[in-house]
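Before any comments, here is the structure.
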């Protein structure tokens, strides 16, 4: 919802029907470090553990270049999102869809922005269901080797059960503690991943050649690797919603604390991503797993702790990505269908949504391939070219200026990643589905 000051009577009515974290609430108590750990929680997740696997298909030079280029381009587009939040004096675009309406028009904007944002948010929630269950299973198997093995689908169900409870937290600010814990865990398990790889050392006869597959399969796997890298930069889809929790005054607009938080988040991002991608690939080469923790076996207690940290982190990540979806669903039920806003509506809409993502996650546990598919189809638009397109429309930089060129580079790279990794991810899901048992 677009917020402005003063608030009109119609907007005041809408505000009273909304959650406390939504745009119209005058209380915006978040500090700059809130945006740091919210952004870290949204951005650093399951994707960091698949970066060495992407390196195995891209190689040292191209892989490092793609990772560095992606980091730089998405930092620039994140800066654009922060600046565009209050690009109209007296108005705050508190949601991605609000900015889309302003840039593309009230009719076209939602059709361009909302599907992409929902793909990111719902896609992340599905992937995090799979990741949480998979790592929870790994944790128990390491700590209790004599326990009776339990099917992975049951662990995913157990992980999903946590979200039936946490999803009832009313607003973004109420999940701040969960998000902070998740951000700390991401830094910890990333350190364990690259630190454990150093302690493990290089495997005998390590090879840095491209993974041995037929030419057609290799091409699709490279496409999927691009999607896995783009998945690692998914925070843009909730950037405006995070900034909406920041106070703003003429002397200190919200873009100041938000940008401070983003810089902090990207520093943490670099500290996590580059060591994991490069060191873990150095240790295992083309034999690295799509979840690098699977390659580490010793010390057992440390690997078990890392898996548990991943579980805690994706619990927080799920909530960060789900909260805007909850807001959208509840507003739709109130405004379009006349439901009364309250605890009952919150319980049913959020429970149904969690059950939906849980069902899809249990049915399609293709962790690595899901990363590539959703990474290209959803994250490339929201993180690469949609911010750049909106910047060109709203700010209208001089043609052939540095800003103009940087935006067009982001657009071209983003479109290529979207097409390539979506094709590669879908093809790999189809190919690998024969090796999995549904509800395994």
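A Cβ is built for glycine as well, from the same backbone N, Cα and C atoms used for every other residue.
For 1-31 (among others), the entry in Swiss-Prot reads topological domain 'Cytoplasmic', with the evidence type sequence analysis.
Marked as region 'Disordered' by Swiss-Prot: 1-25.
What Swiss-Prot lists as compositional bias 'Polar residues' is 1-10.
Swiss-Prot lists 11-25 with the feature compositional bias 'Basic and acidic residues'.
Residues annotated as transmembrane segment in Swiss-Prot: 32-51 (among others).
Summed and averaged per residue, pLDDT over the topological domain 'Extracellular' (52-61) gives 90. The topological domain 'Extracellular' annotation in Swiss-Prot covers 52-61 (among others), and the record cites sequence analysis as its basis.
What Swiss-Prot records for 62-82 (among others) is transmembrane segment. Sequence-distant neighbours of the transmembrane segment (62-82) (same chain, 6+ residues past either end, Cβ-Cβ under 8 Å): 51, 54-55, 99, 225-226, 229-230, 232-233, 235-236, 239-240, 243, 255, 258-259, 262, 266, 269-270, 273-274, 277-278, 281, 383-384, 387-388, 390-391, 406, 409-410, 413.
Annotation comment: Swiss-Prot describes 83-109 (among others) as topological domain 'Cytoplasmic'.
The annotation transmembrane segment is assigned in Swiss-Prot to 110-130 (among others).
Positions annotated as topological domain 'Extracellular' by Swiss-Prot, on the basis of sequence analysis: 131-152 (among others). Long-range contacts of the topological domain 'Extracellular' (131-152) within its own chain (CB-CB distance under 8 A, at least 6 residues past either end) are made by residues 45-46, 158-160, 291, 293-294, 300-301, 303-304, 307-308, 310-311, 314-315, 318, 361-362, 365, 367, 439-440.
Residues of the same chain lying 6 or more positions beyond the ends of the transmembrane segment (153-173) and with a Cβ under 8 Å from any Cβ of it are 19-22, 29-30, 38, 129-130, 132-134, 136-137, 140, 241-242, 244-245, 311, 315, 318-319, 322-323, 326, 346-347, 350-351, 353-355, 357-358, 361-362, 365, 439-440. The transmembrane segment annotation in Swiss-Prot covers 153-173 (among others).
The transmembrane segment feature in Swiss-Prot is assigned to 175-195 (among others). Same-chain residues lying 6 or more positions outside the transmembrane segment (175-195) and placing a CB less than 8 Å from one of its CB atoms are 30, 34, 36-38, 40-41, 44-45, 48-49, 166, 169, 268, 271-273, 275-276, 279-280, 292-293, 296, 302-303, 305-307, 309-310, 312-317, 319-320, 323.
If you look up Swiss-Prot, you'll see 196-221 (among others) marked as topological domain 'Extracellular'.
For 222-242 (among others), the entry in Swiss-Prot reads transmembrane segment.
Swiss-Prot lists 243-261 (among others) with the feature topological domain 'Cytoplasmic', giving sequence analysis as the kind of evidence. For the topological domain 'Cytoplasmic' (243-261), the DSSP-based tally of helix, strand and coil residues reads 8 helix, 0 strand, 11 coil.
Look at Swiss-Prot and you will find 262-282 (among others) tagged as transmembrane segment. The list of residues near the transmembrane segment (262-282) in space but at least 6 beyond its ends in sequence, with Cβ under 8 angstroms from a Cβ of it, reads 32-33, 35-37, 39-40, 43-44, 48-49, 51-52, 54-56, 60, 63-64, 67, 71, 75, 78-79, 82, 183, 186-187, 190-191, 193-194, 197-198, 202, 208, 232, 235, 239, 288, 292, 295.
When each of 32-51, 222-242, 375-395, 400-420 is scored by its Cβ pairs under 8 Å to the transmembrane segment (301-321), the top-ranked stretch turns out to be 32-51. Cβ atoms under 8 Å from those of the topological domain 'Cytoplasmic' (243-261) belong to residues 3, 21-23, 28-36, 38-39, 79, 81-83, 85-86, 92, 94-95, 172-173 of the same chain, restricted to positions at least 6 beyond its ends. A Cβ distance under 8 Å defines the sequence-distant neighbours of the topological domain 'Extracellular' (283-300), meaning residues of its chain 6+ beyond its ends; these are 46, 49-50, 52-53, 55-56, 134-135, 138, 142-143, 189, 193, 196-198, 200-203, 206-212, 276, 306-307, 310, 367-368, 371.
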